[in-house]
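One structure below.
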Amino acid sequence: MKLRLHFVMDPMGWFCVSMVFAIWLYNSFFVPKLVLLPHFYEGNIPWALVVSYYLVSALCMVALFRASTADPGRLPPDPHIPHSEREQWEMCTKCNMKRPKRSHHCSRCGHCVRRMDHHCPWINNCVGEDNHWLFLQLCFYTQVLSLFTLALDFCQFYYFQPLTTLDQEAFMARHELALIRVSAIMGLVMFGGMSNLFYTQMAGVLTDTTTIEKMAHFSNEIGGSGGWSKKSWQWTLAEVFGTTWKILWFIPLRSRQPLTFPHHFRSHV
């Protein structure tokens, strides 16, 4: 597996990524320290719950790193254009380069991206043809991690039994209420924001319409009529994730290859 790293030199973008990382680090440190591990050591929760939380947290972090550093589909300076596809290419008026239709020039990154959806400051990268699947994974795992955190924060106050071995003089014990409240607020904000973003992204994928096309009102001109795509949802998602194996749709540590489909879709799982 060969993973190419792609970095955008944007101070504001790095600041936004740092904020997202700080929220992830806060909940990945304080929630296990205050809730998961103490109750596990006292036998109140099973080990599977602890492993599940750390697994979701790790997948969320990997998806963030990959979405931030993966090439979104940047066009090379001198792209090779097959003769049969020349009618599907057009000239970019900003960088004076040939590009496939549905590509877009990102003014922040300074280059054209194939099937660009939008530029996301929270990952400091464009979301395009080659990393859209990673962005969807990031939205999904952030939702799961935020909901997991909210559930643990709720159980800490209303369900779990008081801890008997807790050092009441420790900093985290003395400020437990404030720390849990901050975690709950961040969980609510992240879950609400990511749920809305994930819904709009999935709607765009299934209707074969990018965010830029929606904003520019070009959907009727390029084939996306605003209704559901004529392709099946499995076919559509397989094109985005680069594989027909559904289990791989949830794995961020892999490479993506464009698919060439036959006339029918065959599911492997």
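Note that Cβ sites are derived from N, Cα and C of the backbone, with glycine treated the same way.
What TrEMBL annotates here:
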TRANSMEM  12-32  transmembrane segment
TRANSMEM  44-65  transmembrane segment
DOMAIN    87-216  domain 'Palmitoyltransferase DHHC'
TRANSMEM  138-159  transmembrane segment
TRANSMEM  179-199  transmembrane segment
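Under DSSP, the residues of the domain 'Palmitoyltransferase DHHC' (87-216) split into helix, strand and coil as follows: 70 helix, 18 strand, 42 coil.
Looking at the domain 'Palmitoyltransferase DHHC' (87-216) alone, the prediction's average pLDDT is 87.
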